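Enquirer: I am attaching a structure below and will ask some questions about it afterwards.
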Amino acid sequence: MTLDCEPFRERAAAALLAARDRTRTLTGCVEDPDLIAQHSPLMSPLVWDLAHIGNQEEQWLLRTVGGLDALRPDIDSVYDAFEHPRAERPALPLLAPAEARGYVAEVRGRVLDVLERAELHGAPLLSAGFAFGMIAQHEQQHDETMLITHQLRAGPPVLGAPDPPAAPAGPLPSEVLVPGGPFLMGTSTEPWALDNERPAHRRSVPPFFLDATPVSNGAYQRFIDDGGYDEARWWDPQGWAQVRAHRLRAPLFWRREGRQWLRRRFGVTEPVPPDEPVLHVSWYEADAYARWAGRRLPTEAEWEKAARHDPATGRDRRYPWGDADPTPERANLGQRHLRPAPVGAYPEGASPLGVHQLIGDVWEWTASDFLPYPGFAAFPYREYSEVFFGSAHKVLRGGSFGVDPVACRGTFRNWDLPVRRQIFAGFRTARDAGPARDGA
Ligand code: AVJ
Ligand code: FE
């Protein structure tokens, strides 16, 4: 069978271009000193991310796929994320901003030549343009990382975006019953799915209730007002230790002024909007809130079943709304807005059962550790997923306003340490639907 490469070639070129436009926005909106500076020990200097994007692209698309000689083998080690933790990166001999820009542009020019003549079938690395899709996703992931750096950066705002849509009038049910039984988790067919999303496999979950929307700031504030941060009983012991060590009282970037909570968002301070999904909470804060509410975090399998399974047809789809790609009407993705939308603002993105905003707005912490699926095979490199498997990292699902659609789908798995608060993470809660709790 001859596969038609052309649609994939076009899709790959468009995805690489979109990523680069965004990288240019994120690195072009500040002066050079702000690119070199480290705005938080948690993050790299922006200019490290920039050249790292180019270096990964060079290694995979020019050397491995294109079979070309290395352009800058001398900088591989500087931009190897495993050799140098983020806190140490400012001290490395980094390319200066102008050099870094020249480097990524030169790599990209050659990559487009490689893409022009590549056969996008056969070898798994090239099949459906996978390697190009992987590199576009990698750049977009670093774009989200750079957006986090911007959020941590002090000073006046440099990024702008229109407000997201408002929520339509009328309340939503607070929770939705997801019937128990099997579904297909993960994928073996999504062309650009990364190794940890594979392979598709049957899973069964007991019936459960899931929040119809992410937990809002208003709801989270009730936990704060009820003394949530003062009572050990709501907290995982490690989370309680973090609360005590850092005297946590509220999500990151929140500040109390008199009776009001304010928060800083990309250089602007504003009252905390009660109807927006809560953002910048750790897994421990999400877990504590859920326990306080008499609930729990959903498992990763529960989240994916709610996001992909259509009980009416028994099919498992790519997104809550079906198989079609995300649009601005369905989900808040891609830094189109610089904040999550109010809960309920994306009725067109809801699942058949009426679960809203599973995709976009905020990454959602799940109860689950980041583990391989049965039949997992590292591809194309162990350092993307495999070295992170284990109990240290918790899985996040669904994607934030800061992730591009190319790196977000019903099967996509993100992960981070449970103490992390600077990422664009919120959560929703669940409860068992066993007969004992029915109607409780
Ligand atoms: C999947 C988002 C956790 O940013 O550390 C970027 C993605 N991997 N470069 C990260 C990634 C290599 C990764 N996350
Ligand atoms: Fe990377």
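Cβ from N, Cα, C; glycine included.
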Enquirer: Quick check: of His39, His52, His246, His280, which does TrEMBL put in the same Fe cation site as His138, His142?
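Expert: The one candidate that TrEMBL places in that Fe cation site: His52.
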Enquirer: Please find which two of Arg86, Ala87, Glu88, Arg89, Asp416, Arg420 have the most distant C-alpha atoms, given that the record lists them as binding gamma-L-glutamyl-L-cysteine, and give only that distance in angstrom, rounded to a whole number.
Expert: 20
Enquirer: Roughly where does the domain 'Sulfatase-modifying factor enzyme-like' (172-431) sit in mean pLDDT, to the nearest integer?
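Expert: Residues in the domain 'Sulfatase-modifying factor enzyme-like' (172-431) carry a mean pLDDT of 98 in this prediction.
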Enquirer: Cβ-Cβ under 8 Å from His142 (Fe cation binding site), same chain, 6 or more residues apart: which ones?
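Expert: Once residues fewer than 6 apart are set aside, His142 (Fe cation binding site) is near Thr23, Asp49, His52, Ile53.
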Enquirer: Tell me, by DSSP, whether Asp416 (gamma-L-glutamyl-L-cysteine binding site) is helix, strand or coil?
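Expert: For Asp416 (gamma-L-glutamyl-L-cysteine binding site) - judged by DSSP and reduced to three states - the answer is strand.
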Enquirer: Going by Cα-Cα distance, which of the binding-site residues (Ala87, Glu88, Asp416) sits nearest to His138 (Fe cation binding site)?
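Expert: Going through Ala87, Glu88, Asp416 one by one, the Cα closest to that of His138 (Fe cation binding site) is Asp416.
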Enquirer: Using a 10 Å radius around each Cβ and all protein chains in view, which of these binding-site residues has the most neighbours: His52, Arg89, His138, Arg420?
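Expert: Buried the deepest by this measure is His52.
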